[in-house]
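Some features that TrEMBL has for this protein:
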- 11-143: domain 'MARVEL' (DOMAIN)
- 148-284: domain 'MARVEL' (DOMAIN)
- 12-35: transmembrane segment (TRANSMEM)
- 47-65: transmembrane segment (TRANSMEM)
- 85-106: transmembrane segment (TRANSMEM)
- 118-137: transmembrane segment (TRANSMEM)
- 179-206: transmembrane segment (TRANSMEM)
- 218-238: transmembrane segment (TRANSMEM)
- 258-278: transmembrane segment (TRANSMEM)
Amino acid sequence: MAVTTTVNLRALTSWVGIARLFAVVLSCLAFSLVASTGHFGGPYGTWCMFTWCFCFIVTLLVLLLELLELYPMLPLSWDDFTSAFSMLAALMVFTSSVVFPTTFISSPCSSNQCARQAVATTASCLCFLAYAVEVSLTRAKPGDISSFLSTVPGLLKVFEAYVACLIFSLLDGYNGEPGLMWCVAVYSICFIFTLLIIIFTIGRCLTYIPCPLEKMLVGYNFLAVLMYLTTTVLWPLYSFRGRSRPDPCGTNCWWNKRLGVTFLTIFNLIAYLVDLVYSTRMVFVRAP
């Protein structure tokens with residue numbers, strides 16, 4: 001059976017389409033300029049290049065699927081997928097926009113290589129703004145819950161999972177400390193449940209859960225807040241108790257990594273708390 005396709009030019013001319021076009025061009029510019037310098041080795045450079053390439057490929061694919069109107073054939077919730085991806089891309093590109101210049105650009109910046117790195121950083125920052133605009137344009141209006149991942153609690157789920165991934169990348173030397181092992185268990189449990197919620201939502205599998213989903217999310221967020229409260233206290237207590245900052249303390253210094261985990265834990269605690277407030281309002285406070 002032949003598959004007929006139609007061209008939907010609104011996928012490119014709408015404000016969301018324009019934001020996606022800017023994201024494609026800017027992400028391509030960022031990784032092309034950095035690739036031309038040949039100076040992006042190590043885990044941080046590899047992460048930045050992966051981020052720009054990944055966002056470029058997926059956003060271009062989204063544009064093509066919407067342009068040819070092929071996305072209804074996919075066995076997933078398209079609005080949830082695009083909302084989750086735009087939020088994830090904004091977070092990834094923002095991280096790369098901070099990590100790349102602090103790692104690779106040295107002062108004074110006078111060489112041709114440094115100039116290309118500076119332009120790539122600028123393109124990355126503008127790319128983040130493009131994705132942020134897309135998130136703002138596609139966010140569900142108050143009272144609209146047809147696409148869960150486009151609501152504030154849904155976007156926060158993506159944020160919480162991403163911050164947990166950043167925490168995992170900084171974990172180092174926690175074995176043998178019961179307090180730190182409990183914190184790692186909290187990070188892992190909350191990450192797994194949050195990721196499952198995102199996957200089930202995109203895959204349209206939430207209807208198979210034999211319990212009221214909205215109330216289950218409220219209960220989960222409440223437990224996550226309590227668990228993250230304990231990690232906010234225990235992680236810095238067990239990490240820095242009786243141990244001062246080494247001198248010198250470079251990029252891979254354990255003290256800097258544990259301080260980063262401390263701040264990221266606080267960020268996720270705030271995210272889960274806001275998530276709990278919004279989820280509770282969505283369930284128990286009905287708009288007239």
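Any Cβ shown, glycine's included, is placed from N, Cα and C.
Per DSSP, the secondary structure of the domain 'MARVEL' (11-143) breaks down as 109 helix, 0 strand, 24 coil. Among 118-137, 179-206, 258-278, 118-137 has the largest number of CB pairs under 8 A with the transmembrane segment (85-106). Ranked by the number of CB pairs under 8 Å to the transmembrane segment (47-65), the listed stretches 118-137, 179-206, 258-278 are led by 118-137. If one looks beyond the transmembrane segment (118-137) by at least 6 residues along the same chain, the residues whose Cβ comes under 8 Å of a Cβ in the stretch are 15-16, 19-20, 22-23, 26-27, 29-31, 33-34, 48, 52, 55, 83, 86-87, 89-90, 93-94, 96-97, 100-101, 105, 109, 155. Mean model confidence of the domain 'MARVEL' (11-143) amounts to 90 (pLDDT, 0 to 100 scale).
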